[in-house]
Amino acid sequence: MSSRPSRHREAGQWARAWPPLPARPLGRPAGEGRLGFPAAEEQSPRPGRSAPAQRWNPVGGFCEKLLPSDRWPWSDVSGLQHRPLDGVALPSLHWEWESDWYVDENFGGEPTEKGGWTYAIDFPATYTRDKKWNSCVRRRRWIRYRRYKSRDSWAKIPSKDDPKQLPDPFNDLSVGGWEITDEPVGRLSVWAVSLQGKVWYREDVSHPNPEGSSWSLMDTPAEAAQISCGPHDLLWVTLWEGQALVREGISRNNPKGSSWSVVEPPTSENGIMHVSVGVAVVWAITKDRKVWFRRGVNSHNPCGTSWIEMVGEMTMVNVGLNDQVWGISCDDRAMYFRQGVTPSELSGKTWKAIVAGRESDRSHSGSSLSLLSAGCFFGDEVRGSGESCAPSDTDASSDAERPGPDQPVPAESLDCPGDPKGSSASGPGTSRTTEHPAEVASPATQTPRPEPRPGPACTPAEVPWTNIDLKEPKKTPSHPLAGLPETTGLSSLEVLPLGLEEPYGADDHPLWAWVSGGGCAVEAHSVLKWFSVQLGLSPSVQTLSLSITPAQTAAWRKQVFQQLTERTKRELENFRHYEQAVEQSVWVKTGTLQWWCNWKPHKWVDVRVALEQFTGHDGARDSILFIYYVVHEEKKYIHVFLNEVTALVPVLNEAKHSFALYTPERTRQRWPVRLAAATEQDMNDWLALLSLSCCESRKVHGRPSPQAIWSITCKGDIFVSEPSPDLEDPAHPLPCDQMFWRQVGGHLRVVEANSRGVVWGIGYDHTAWVYTGGYGGGCFQGLASSSSNIYTQSDVKSVYIYENQRWNPVTGYTSRGLPTDRYMWSDATGLQECTKASTKPPSLQWSWVSDWSIDFSVPGGTDQEGWQYASDFPASYHGYKTMKDFVRRRCWARKCKLVTSGPWLEVAPIALGDVSIIPESPGASGNGHSVALWAVSDKGDVLCRLGVSELNPAGSSWLHVGTDQPFASISIGACYQVWAVARDGSAFYRGSVSPSQPAGDCWYHIPSPPKQRLKQVSVGQTAVYALDENGNLWYRQGVTPSYPQGSSWEHVSNNVRRVSVGPLDQVWVIANKVQGSHSLSRGTVCHRTGVQPHEPKGQGWDYGIGGGWDHISIRANATRAPRSASQETAGERSGEQGLPSGPAQVAGALQESLGPVCC
C-alpha cells in the first residue's frame, strides 16, 4: 500500500503553492468520494510565521527575499499562476471543504524531512527531498480535501451560456459510456443537444465529481435534434433534416470521439425523428411513426449496415440494459415491452403492452403493499445511491384502512391492508432498485383518490406509479416495494405520462409520453409479470393462496379453544369441593394515560389503565394490563397479558412522554400499543413497573447472561435478550418476534459483546464504556436493579437552531421578513419556530451545559460572522455575499448533557468511533489468551486493546496500529481475522494477527463492490459481511485458510442499516423498512434464516422487534440447538467424507490450517 501523510496542518509555514490538480493524493484508492487538492509551496522553517517565499541567502540562510525574476510565492506547479491558499475556490456551490490545508510530507512515495520540503538549485528545476550544498530554493506541497455535498438531491449544473449571447437551453440529454473498455469505474459520458441544434459534452463526469467540470462544444455538420448514448461506445444523433450522425473513435483515451459519419434514413420521404442505442443495437422512429432496427451495429462498425422495418407504430423507443427495448405506442399511448430480445436475436419477437396504472387510480389498483409474507422491503438487487432512509424513532404508521372501534375487523384486512398514501421519489444520478419491475412518475394533474379498500385476496397488485418532484424531492416519502423478483438492476424503469385535463375512467389507462428503462435489468429468458393486473399469477397459484383464508383460520382457532375449554370443565368438575392449597392474591395499580387509538383518524385519546398482578395456584406471578376508553359514549377496553409482551420501549417524541408495548402479534403487524404519560417521571414509573412485571412473568432476573444479544434504539436505550437454543436451529428456528427484550440502564450509541462476558459500548460523544456486570439503573430502581456495579453515566450532544434575515433596501439585512418567509428563528427546515428562549433540551433527562454559540462548521461554509447567504428561502447557501443574495442565515449550537446511571464504567482517555471484540467459538475456553479487542478512534486511528479478560474487561493499555488513512469501521473474527473499512469506503484485511502477535504485521487492500462505498464490516467464525452506504449487504466469497482475503463480493440484500455476524456465522441486521399487516417500521431487528456451511448466505429473513432500533450485537451468542438423530447421522457421514458439517468443524479446519493464528 502506498503511504499517506497524516491529516494535520502546519500553521503559518507558507511558501509557493500548486493549485488543485486532478490527481489524487497518495494513499487514496480510486473511486472514493473525497478529492485531494495538492498544492506545492515553499515554507519558512519557523512555525506560526508566514513568509511569502524563500530563497537561500549566504548570510541568513533561507529567507523571504526573492529575486525579481522568481516565481510567485504561492503558485501552481508551473509557478506561472498566482494561487494563495485563501484564493483556491470550490468548483461550485455543491462542493464543500472537508479538511484544512496540510503539508504533504511524501515525495515520490518516500517521506521527506520534517516540513515536507523539496530542494532544487533554482526555479524551475529537478527537486529532491535531500538538501544539498547547491540547494538555493525549496518548495513543498499542501493538500486539502473537498467533498461533493449535493448527493441524493437535485443539483443545478452551471450554465454553459456566454453572458454576451442569448441563452441556448438544452433540448435533449443522454448519459452512457460507463462500460467503455478499460474505462475507470465511475466515469460517465454526458451528452446534450441545445435548442439551436448544437451538441455539447460534459467534461470530467465521474462518481467523485458527479457534476463534471465544464461543457465542450462538439462541431457537427448540421443542426442536431436528439441524441442517444449507449453504455459502451455507441453515440447516435438525429438531425433536423432527418439523417443520423454517428460518432466514431470513442475510446477510453478519447471519450468524445474523433469524427462524425452520416447515416441516411430508411426512406427518403420520412426522415429519422428519434433514435435510441444500446450495447450493440440501434432503434429508430421515422416521421411516419414507423419503427426501424439497424442491422450490423457493433464497436468496430458503429454505423451498421442496413435498416429493418419492425411491426408497429411508436412515438418513441428506449433501449435499456441488456439491449431490452421499451416503447410508447402511437395510437393508444400505451407502454410496450419488446419480448424475445436475446444476444442471438437482438431485434426481439413481438411488442407486448405493460399494464401500468397510476398512483391516483386507487379504485382498481389493489393493494400496492399487500405482500405474501411479512412484507419486508428486502430485495436481491444492488441499491444505488440516494436510497438510504433516515432512522425513525417510532414505527411509521401507514394510512392503511382500519375499521372503527365498534366494527369487527374483516378477515381479509389482516393480511391485505389498503395502500399507504405517498409516493416514491428519486433524484438524478440515483439508482432505485426495488423488486418490482418498474418505477414511474405519475401525471402532474392528480385525479380524485377514492378511499382504499381491503382487497379480496392476498395477491400482489400492480406497482403504483408515483410523481417525482424535481424541486422538492424530500417532501415525497419513499416507499419501495419488494416481493416481485423478476428484475435485478441498478435502478428502475421510469416513465412520464401526459398531463390530463380530465381524470380518466376506470377502464382507461394513462396516456404515456416518455419511458426510460436504462436502469431496469431484464434477463433474456426471465419470465416477466408486467402484462396483467395480477402480475401474471397463474390460476393454480391464485387458487393455492386462497385455499385457507384468514376467516377459516380464525374459525378453526375458535373451535379448538371451545373444545379445550369444555374438556377442562369436565375434568375439574369432580374436584370443586376441594379447598385451594394456595390462596390467589391480586394487586392492582391504576392511573391515567393517553393511548394512540387503532381507528382512523389516529389520535391520542385519554384512557384509564389498570395493572392487575396476581399469584396463581402454582405460586407463579402473572399480570394483565387493562386499557379503558370511551368511544361514541360507549365504554370499552382492551387488555394485554404481560407474559406475552416482548418489549417495552421508550419512544423519542418531542410532544409526548410515550412508550410502546410489543407482543408477537403486534410485532408482525408493526402496530404496538402506544401509551403516553403526562410527565417523564410518570412514564419512567410505568416503564419500571411494567418491565418488572414482565420479567417476573417470564422468570427472568439478574444480570444478562454472557451469551445475551445486545441492541440499542435510536434514542440510546440499551436492550438485551436471552437467546434460546432454538434461535439458531437450522431446521426449526425460533421466530425472532417471540424474543423477549428487557432494558438495561445507561445510554449508548454502539454496543459490542462476546461470550466471555466482555461488553463494551460507545456513547454519542465517542466516550468508551465497559460493562460492569450489573443490571438496572436509570429509571429502573429497587427490585428492578442490582445494588452494586451501578455507576453514573453521562453523554453530550448539540442542539441547533437558525437565525434568518432578509435584506432591506433601507436598513440592510434585518430580522423582519416577508409574510411568506420562514420564522426568523427556526429549525433547519424553517417550518418550526425555535428561539433561544423557547428551545429546550430533547427531554427532561438532558440539561444545558453551554451557552448558545455560532456554529462555523455548517456545510457550505460561513463568513467571519457565521452567516450563510442565498437568493431566497430555502435555497443553496454559501459562505460569501453576492449581489443576488437577499436572505441569510446562521446556525447557533448549544450543548446539552444527559446524566443517568447504569452498569457501565468509562474507559479513558481515547474517544472511539467503533469497537469490535473477538467472538468466542462454540466450546472454546479461551486457551488462556486475553480477549482480542480492536477499535477505531474518532480521528480514524486503529487501536488494539491489551490485557482484556473476564476479570479485567476494561483492559490495560492501547496499542496503536499504523494506517495510511483514517478508518471508520473494524471487526475481528473468531480466528483473529481483522477486517476494516476506511472512511473513503475501501476495505482492508490485517495479516498475521494472533494471540502472540496481537497487532498483526500489515494491511491488505480489498477492492470494494463495484460502484459502492463500504461503511461497515462484520466477521464471524468464517463469514465476512460488509455494508455499503446505500444499504446493500455483501458477502465475501472465497474466504479460505490459505486465502483469508477472499476472492469477490456477492450481493445478499438491500434495505440494511447495520449488520452483526456471530460466532456461529449467524447474521442479524437492522433493516431500514419492514412492512407489517398494519404499518411500516423503520429500524427493525431481522435474522437471516437458512445459514448453513454449504449455504453461508442463507435463504431469507425473519423479522423481529422494531422500529426505532439502530444497533444490534449478536457476537456473544454461541448457543447451539440440540442436534437431532438425523443431523448427527448426517454429521457423521460428512465427517467420514472429510467435509465440515457445521461451523465448529469449519473452525477446526481453519484452526488446523492457520495454526497459531486461530483461537
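Each residue's number is its place along the chain shown, starting with 1.
The backbone N, Cα and C atoms fix where each Cβ goes, and this holds for glycine too.
What TrEMBL annotates here:
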- 1-57: region 'Disordered' (REGION)
- 14-29: compositional bias 'Low complexity' (COMPBIAS)
- 54-104: domain 'Peroxin/Ferlin' (DOMAIN)
- 116-149: domain 'Peroxin/Ferlin' (DOMAIN)
- 384-463: region 'Disordered' (REGION)
- 423-432: compositional bias 'Polar residues' (COMPBIAS)
- 794-855: domain 'Peroxin/Ferlin' (DOMAIN)
- 866-899: domain 'Peroxin/Ferlin' (DOMAIN)
- 1118-1144: region 'Disordered' (REGION)
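For the domain 'Peroxin/Ferlin' (794-855), the most Cβ-contacting stretch among 54-104, 116-149, 866-899 is 866-899 (pairs under 8 Å). Taking H, G and I as helix, E and B as strand and the rest as coil, DSSP gives the domain 'Peroxin/Ferlin' (866-899) the counts 0 helix, 18 strand, 16 coil. The helix, strand and coil residue counts that DSSP assigns across the domain 'Peroxin/Ferlin' (116-149) are 0 helix, 16 strand, 18 coil. DSSP states for the domain 'Peroxin/Ferlin' (54-104), grouped as helix (H, G, I), strand (E, B) and coil, give 3 helix, 14 strand, 34 coil.
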